[in-house]
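Annotated features, as they stand in TrEMBL:
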- A:LYS206: active site, proton donor (ACT_SITE)
- A:LEU12, A:GLY13, A:ALA14, A:GLY15, A:SER16, A:VAL17, A:GLY18, A:SER19: NADP(+) binding site (BINDING)
- A:LYS106: NADPH binding site (BINDING)
- A:GLU191: L-homoserine binding site (BINDING)
- A:355-432: domain 'ACT' (DOMAIN)
2 protein chains.
Amino acid sequence: MTEYRTVRVALLGAGSVGSQVARLLLANGDELAARVGARLELAGIAVRNVDAERDVELPRELLTTDAESLIVGADIVIELMGGIEPARSYILSAINSGADVITGNKALLAAHGPELFAQAEQVGAEIYYEAAVAAAIPIIRPLRDSLAGDNINRILAIVNGSTNFILDRMDRFGDSMEDAQKTAFELGFLEADPTLDVGGYDAAQKATILASLAFHSSVDPEGVYREGIEHITAEQIEAARKAGYVIKLLAITERITAEDGTAGVSARVYPALVSREHPLAAVHGGNNAVFVEAEAAGPLMFYGAGAGGVQTASAVLGDLVSAARRHVAGGPGLGESTHADLPLLPIGEVVTKYQITLRVDDRQGVLAEVATVLADGGVSVETVEQTIESTEDVPTAYLVIGTHATRERALQSTVTALNASGVVESVVSVLRVEGV
Amino acid sequence: MTEYRTVRVALLGAGSVGSQVARLLLANGDELAARVGARLELAGIAVRNVDAERDVELPRELLTTDAESLIVGADIVIELMGGIEPARSYILSAINSGADVITGNKALLAAHGPELFAQAEQVGAEIYYEAAVAAAIPIIRPLRDSLAGDNINRILAIVNGSTNFILDRMDRFGDSMEDAQKTAFELGFLEADPTLDVGGYDAAQKATILASLAFHSSVDPEGVYREGIEHITAEQIEAARKAGYVIKLLAITERITAEDGTAGVSARVYPALVSREHPLAAVHGGNNAVFVEAEAAGPLMFYGAGAGGVQTASAVLGDLVSAARRHVAGGPGLGESTHADLPLLPIGEVVTKYQITLRVDDRQGVLAEVATVLADGGVSVETVEQTIESTEDVPTAYLVIGTHATRERALQSTVTALNASGVVESVVSVLRVEGV
């Protein structure tokens with residue numbers, strides 16, 4: 001077993017993840033060869049600029065700007081460039097030249113996954129993408145293989161470390177949204193343009209990937225509902241804490257039934273109230289966690305670092321070992337299973353609990369009037385709390401209403417009705433309660 | 001793709017897990033066929049007594065007492081009988097007749113894993129055993145595949161739900177060990193003979209399996225150090241709480257270096273102090289969690305139900321889908337990798353922190369004398385706390401000493417020296433501190 005055959009690996013991209021992949025691959029060659037039963041030869045690293053400064057020093061002779069030539073003749077292509085093009089074209093080239101592909105490109109998979117998986121299936125290639133969701137945390141393989149004999153009901157996931165860091169700062173240190181974002185930026189948790197993270201776009205890409213995988217269906221990213229955390233205030237965080245909740249940006253996907261009886265899938269991203277008793281509430285800082293509710297297995301949670309070059313490189317190398325073993329062993333890949341073909345249902349069809357905070361006049365009868373509007377809208381009340389705050393001797397009354405499980409469509413039209421009724425001064429906040 | 005080939009599955013055992021596997025396999029046949037690309041035919045269920053009462057009603061025509069005949073001609077054999085014999089012989093029969101094997105039998109794998117894996121490798125068969133550790137929680141496949149490109153430094157795991165339930169009762173409700181065991185028994189968390197759980201034997205079997213897998217080495221179960229929780233008192237739990245700790249029965253395996261420089265593996269089970277800030281501290285009731293510290297990935301945690309028929313059946317069915325896909329796709333199995341062949345080092349070589357509680361005379365100079373004995377033994381002190389408790393006006397003084405990381409051998413000989421020194425009245429408690 002000392003005479004190994006060689007598996008040729010092409011690496012596209014040498015950013016924070018790619019350079020760590022190259023470093024670990026070069027440093028651990030013998031150990032990886034023993035695990036795979038073949039030598040993993042790093043044939044080259046395609047970069048935009050050979051002379052760019054890098055965190056990790058890479059052998060100059062491996063660097064090339066000619067990605068296409070590198071792809072030709074590679075057994076396995078690792079794409080860590082990010083972005084849609086040229087990543088998409090390179091992956092298609094790799095597949096068509098008979099290589100298996102490993103990618104951490106969530107944007108590409110969310111937007112073009114079905115196209116890439118179909119092409120791979122046609123030629124018997126495999127696409128591995130453990131690094132695309134929750135960085136180092138093994139979640140793709142557990143969903144695809146370990147839970148392959150079970151049925152997943154719901155996934156609630158913290159998949160964006162930046163927003164978790166921000167919300168956690170606000171919760172634990174009382175920071176304002178502005179201050180928390182500033183700290184996140186200073187500590188490297190947030191890009192100069194925070195929109196992708198703060199706006200929930202990154203989480204929505206991951207929700208798309210998780211939904212497709214968990215429910216064996218092609219999910220259109222345009223149909224994934226998305227709200228960011230930009231409007232969350234320190235007051236909401238504080239009120240949540242008092243009520244026993246923490247606010248987390250969740251990527252959620254679940255099997256649901258529409259009002260007309262259609263069975264389908266929901267995929268959505270928004271800041272939600274989560275009970276402090278829930279395991280997701282204990283996920284602090286930039287960490288990620290994926291909470292899976294399966295029919296037979298019950299609740300499971302996968303927890304770990306949600307970002308970082310070397311952490312994400314671990315997931316890429318795990319995929320590389322799997323791909324190389326398959327290369328040595330032969331046999332077709334598994335492909336992506338979309339046999340269930342469930343439709344993606346709109347946010348209006350989602351059934352969950354809500355917490356509605358209303359500013360009302362401090363007079364008798366208000367509660368009864370509000371209750372009537374809610375009842376007319378089909379919203380059933382579980383809890384009500386009335387509080388009075390006085391600023392400069394002017395009292396303001398608030399009603400905090402917890403609802404029973406309600407369909408989003410009914411809830412939204414009822415909120416509209418409340419606003420129009422003249423009964424309330426304003427609707428201060430509507431938050432969904434998840435994990436119950 | 002509607003004309004599926006058939007994969008014949010033989011099930012050995014119809015206890016709480018086996019009967020759920022049979023039920024789910026029969027109920028979800030079409031869905032599983034779509035996922036596998038082949039129909040999973042339950043060829044039969046071998047039981048000791050065809051007429052026994054079962055939680056789940058199983059088709060009478062599938063039940064047989066003739067396991068050997070069932071095994072012949074099966075493509076995949078699922079062994080859920082437990083115990084060493086005849087399970088071991090049946091698994092060898094299955095392997096030798098060309099079948100892949102799925103088992104949840106931790107006792108068998110801990111005792112005879114190397115023999116079974118070697119035999120399987122020889123004939124190109126595969127043994128799947130996700131259900132053997134932490135029930136429904138995917139941990140075997142993540143270690144074997146997802147982290148295959150990384151290096152594992154340490155695993156701290158709560159793998160016995162019964163003892164976690166007991167210690168959690170004591171911590172959260174102030175129960176005595178006796179009362180907590182009684183409750184655990186009443187709620188079905190503990191067998192009539194609790195030794196296997198309470199004595200740490202079950203956890204030690206799982207530690208053996210985890211150590212072998214994580215460090216690519218054959219681990220002799222006889223060399224796994226084991227202490228149970230039977231001597232843990234309500235006073236220790238209370239003292240731990242005050243010091244910011246919780247006591248958990250941990251199965252630990254890590255890469256260590258012996259005093260003489262030998263690189264090796266430690267596998268051990270004992271009740272340990274864990275900081276309340278550590279993710280393992282939040283694992284309540286009968287749940288399990290496996291905390292993995294990997295070189296590149298950093299800390300990861302896998303959490304979920306640690307027992308239960310239907311939960312464990314989820315893990316078995318995940319293995320079944322994998323085995324069946326391999327059956328359809330062809331290609332050799334991965335085998336168990338033992339290429340690293342690291343020696344199992346004895347408990348004396350382990351380096352960890354300790355908390356030592358001493359009863360001492362309440363007189364000047366005691367602390368200095370204790371400190372001298374510790375220093376002579378090579379034990380470096382991190383924290384000291386002196387408390388005085390008065391019972392009927394008789395004061396008793398206690399010293400609680402937290403050590404820096406110390407090698408177990410030095411610690412034990414120092415404790416012996418303390419006992420012999422005459423400086424202390426008694427050594428009340430010595431507990432290891434883990435997860436730091």
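Heads up, residue numbers simply count up from 1 along the chain you see.
Cβ from N, Cα, C; glycine included.
Curation plays no part in TrEMBL annotations; they are all automatic predictions.
Annotated features, which come from TrEMBL, shown on the structure.
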residue	record	Cβ within 10 Å
A:LEU12	NADP(+) binding site	26
A:GLY13	NADP(+) binding site	26
A:ALA14	NADP(+) binding site	27
A:GLY15	NADP(+) binding site	15
A:VAL17	NADP(+) binding site	25
A:GLY18	NADP(+) binding site	28
A:SER19	NADP(+) binding site	23
A:LYS106	NADPH binding site	22
A:GLU191	L-homoserine binding site	14
A:LYS206	active site, proton donor	27
Averaged pLDDT, computed only over the residues in the domain 'ACT' (A:355-432): 92
Residues that sit under 8 angstroms from A:SER16 (NADP(+) binding site) by C-beta distance, when 6+ apart in the chain: A:ASP55, A:GLY308, A:GLY309, A:THR312
A:LYS106 (NADPH binding site) versus A:LYS206 (active site, proton donor) - Cα distance in angstrom: 6
A:LYS206 (active site, proton donor) - helix vs strand vs coil (DSSP): helix
Additional residues surrounding NADP(+), by Cβ distance to the A:LEU12, A:GLY13, A:ALA14, A:GLY15, A:SER16, A:VAL17, A:GLY18, A:SER19 centre under 8 Å: A:LEU11, A:GLN20, A:VAL21, A:ALA22, A:LEU80, A:MET81, A:GLY309
Assigned element (helix, strand, coil) containing A:ALA14 (NADP(+) binding site), judged by DSSP: coil
DSSP-derived class (H/G/I helix, E/B strand, else coil) of A:GLU191 (L-homoserine binding site): coil
Residue counts (helix, strand, coil, in that order) that DSSP gives for the domain 'ACT' (A:355-432): 25 helix, 38 strand, 15 coil
Rounded inter-Cα distance in Å - A:GLY15 (NADP(+) binding site), A:GLU191 (L-homoserine binding site): 15
Cα separation, the residue listed as 'NADPH binding site' to A:GLU191 (L-homoserine binding site) (Å, whole number): 17
Cα distance (Å, whole number) from A:VAL17 (NADP(+) binding site) to A:LYS106 (NADPH binding site): 14
Secondary structure at A:SER19 (NADP(+) binding site), reduced by DSSP to three states: helix
